[in-house]
Amino acid sequence: MCDVVNEIELARARCENKTAGNVTSGCKGMWDIIACWPSAKVGEHVVIPCPNYFRHFSDHHEGNLSKTCTADGWTEMDPMEIAVYCGYNLNGTVDDDSFFRSVKIGYTIGHSVSLISLTTAIVILCMSRKLHCTRNYIHMHLFVSFILKAIAVFVKDAVLYDVIQESDNCSTASVGCKAVIVFFQYCIMASFFWLLVEGLYLHALLAVSFFSERKYFWWYILIGWGGPTIFIMAWSFAKAYFNDVGCWDIIENSDLFWWIIKTPILASILMNFILFICIIRILRQKINCPDIGRNESNQYSRLAKSTLLLIPLFGINFIIFAFIPENIKTELRLVFDLILGSFQGFVVAVLYCFLNGEVQAEIKRKWRRWHLERFLGPDTKYQHPSMGSNGNNFSTQISMLTRCSPKTRRASTCQDETSITVLGSTTMGYGHQNETVKGHEDVREVS
């Protein structure tokens, strides 16, 4: 909304500068709140195109406005007639409001689901040390980029709706509003760059013979977070010095500065499609190679399935709409770009975490361990080495096989088979004594 107000103010200022020196015996050039009219002689009929800012209200704004210069001045036009001539549909306002409200609800739900699923995925990967590896670190950075994207959407909506309600801010174009848009654009670009990092990592894993994951990891961080920083800073400086209009949230097809953001994203998608083809070719060769073990081949296949699915899934919609003007197929663009795009974070979490075999196995292992500790007591440990003050060293190993359903446990008919082995070795001077005890009773502390 601020961009529309500022664009109207800019058109008014240009009109006043253009018509300031015009002297005529007929009608003087002027700005009539809607459009700029040139000077004309009495009896002259003037036809001008609809102002360019009507493109914000309608896809069909290429109409004309007309006035006649009379002895009493310009003929008056009803503002509603002007709106109709310039393609503004008065009957469609309610339907448009309902559509935009539905779109906002749709992408709010999508980003909320993505935010919850991505946060859960990060917690799962962080809690288990067995899942700490370069591959999952890259996944977590990708998760964080989509989390920041969802947060940026919520913050942007809150700020822009406040700006619409307070039209006084439109004249000043607050720095906070622009900062939110800059952060929003950064998060979008970062999500594409980290998807590119996923493709680069998988390609390096398959193609490089001696692949140092730790060495390459810092380069991946530089690409994923540093690359968007450079381009977004360049775009921000360009907007601030050459096109500082409104809150920077309106994207015009004629805005050349917008390509500072579009070009890197398109380049990352193009690189991912090239990697897509190369990975398929290398993967086919490795799977068919007899020197590659079955387990290693399955590992390549599982990682490739997720990455190769995400590359076309996230790239096609951006490429389709990148070269289409913003005012064409607005409804279709909003549905694909906002609603479907808002669920991308959820898809990432499902493919890289929830459907990951290693993650599922680790969750099952922790669940069984928690279930066993809950049955035996909170102080029970699988292995508990202790060192006494007299030099005794004990190692206790507990193995329990439990076959007990909840119903039988409540009926107190649970049968447990417990095998307890206590291995103790005591050293006194030059003598050694070994003792092995087996039983079916509770383990007590040995001192």
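Glycine too: its Cβ is placed from the backbone N, Cα and C atoms.
Positions annotated as topological domain 'Extracellular' by Swiss-Prot: 1-103 (among others). Mean pLDDT for the topological domain 'Extracellular' (1-103) in this predicted model: 76.
Taking all protein chains in view, 17 other C-beta atoms sit within 10 angstroms of the C-beta of Cys36 (disulfide bond). Cys36 (disulfide bond) falls within a strand when secondary structure is assigned with DSSP. What Swiss-Prot records for Cys15-Cys36 (among others) is disulfide bond.
Every protein chain considered, the tally of other Cβ atoms within 10 Å of the Cβ of Asn17 (N-linked glycosylation site) stands at 9. Taken from Swiss-Prot, the feature N-linked glycosylation site covers Asn17 (among others).
Annotation source Swiss-Prot lists N-linked glycosylation site at Asn22 (among others), citing sequence analysis.
Every protein chain shown contributes to the tally, and the Cβ of Cys69 (disulfide bond) ends up with 21 other Cβ atoms within 10 Å. Under the heading disulfide bond, Swiss-Prot lists Cys27-Cys69 (among others).
The disulfide bond annotation in Swiss-Prot covers Cys50-Cys86 (among others) and is backed by similarity to another entry. The local packing around Cys50 (disulfide bond), expressed as other Cβ atoms within 10 Å of its Cβ over all shown chains, amounts to 22.
Secondary structure at Asn64 (N-linked glycosylation site), taken from DSSP and collapsed to helix, strand or coil, is strand. Under a cutoff of 8 A between CB atoms, and with a sequence separation of 6+ in the same chain, the neighbours of Asn64 (N-linked glycosylation site) are Val47, Ile48, Pro49, Cys50, Tyr85. Taken from Swiss-Prot, the feature N-linked glycosylation site covers Asn64 (among others), and the record attributes it to sequence analysis.
The N-linked glycosylation site annotation in Swiss-Prot covers Asn91 (among others).
If you look up Swiss-Prot, you'll see 104-128 (among others) marked as transmembrane segment, on the strength of sequence analysis. If you look at the transmembrane segment (104-128), the same-chain residues 6 or more away from its ends with a CB under 8 A from one of its CBs are 136, 139-140, 143-144, 146-147, 149-151, 153-154, 157, 338-346, 348-350, 352-354, 359, 362-363, 366.
Only residues 6 or more beyond the boundaries of the topological domain 'Cytoplasmic' (129-135), in the same chain, are considered here, and those with a CB under 8 A from a CB of the stretch are 201, 213-214, 216-217, 303, 358-359, 362. Swiss-Prot lists 129-135 (among others) with the feature topological domain 'Cytoplasmic', giving sequence analysis as the kind of evidence.
Within its own chain, the transmembrane segment (136-155) is flanked in space by residues 107-108, 111-112, 114-115, 118-119, 121-122, 125-126, 180, 183-184, 186-188, 190-191, 193-195, 197-198, 201, 217, 220-221, 224-225, 342, 344-345, 348-349, 352-353, which lie at least six positions past its ends and keep a Cβ under 8 Å from the stretch. What Swiss-Prot lists as transmembrane segment is 136-155 (among others).
Summarising the annotation, Swiss-Prot assigns topological domain 'Extracellular' to 156-178 (among others) and lists sequence analysis as the type of evidence.
Sequence annotations record features per position, and here Swiss-Prot assigns N-linked glycosylation site to Asn169 (among others).
Using a 10 Å Cβ-Cβ cutoff, Cys177 (disulfide bond) registers 22 neighbours. Residues or ranges marked as disulfide bond by Swiss-Prot: Cys177-Cys247 (among others).
Only residues 6 or more beyond the boundaries of the transmembrane segment (179-202), in the same chain, are considered here, and those with a CB under 8 A from a CB of the stretch are 134-135, 138-139, 141-142, 145-146, 148-149, 151-153, 155-156, 159-160, 216, 220, 223-225, 227-229, 231-232, 235-236, 247-249, 261, 264-265, 268-269, 271-272, 275-276, 279, 303-304, 307, 310-311, 314, 318, 344. According to Swiss-Prot, the feature transmembrane segment maps to 179-202 (among others), an assignment based on sequence analysis.
Cβ atoms under 8 Å from those of the topological domain 'Cytoplasmic' (203-216) belong to residues 133-135, 275, 278-279, 282-283, 286, 300, 303 of the same chain, restricted to positions at least 6 beyond its ends. According to Swiss-Prot, the topological domain 'Cytoplasmic' annotation covers 203-216 (among others), on the basis of sequence analysis.
The sparsest Cβ neighbourhood within 10 Å, among the listed disulfide-bonded residues (Cys15, Cys27, Cys86, Cys247), is found at Cys15. Between Cys15 (disulfide bond) and Cys69 (disulfide bond), the C-alpha separation comes to 18 Å.
Of Asn17, Cys86, Cys177, Cys247, all annotated as recorded positions, the residue with the shortest Cα distance to Cys36 (disulfide bond) is Asn17. With DSSP classes pooled into helix, strand and coil, the tally for the topological domain 'Cytoplasmic' (203-216) is 9 helix, 0 strand, 5 coil. The DSSP secondary structure for Cys247 (disulfide bond) is coil.
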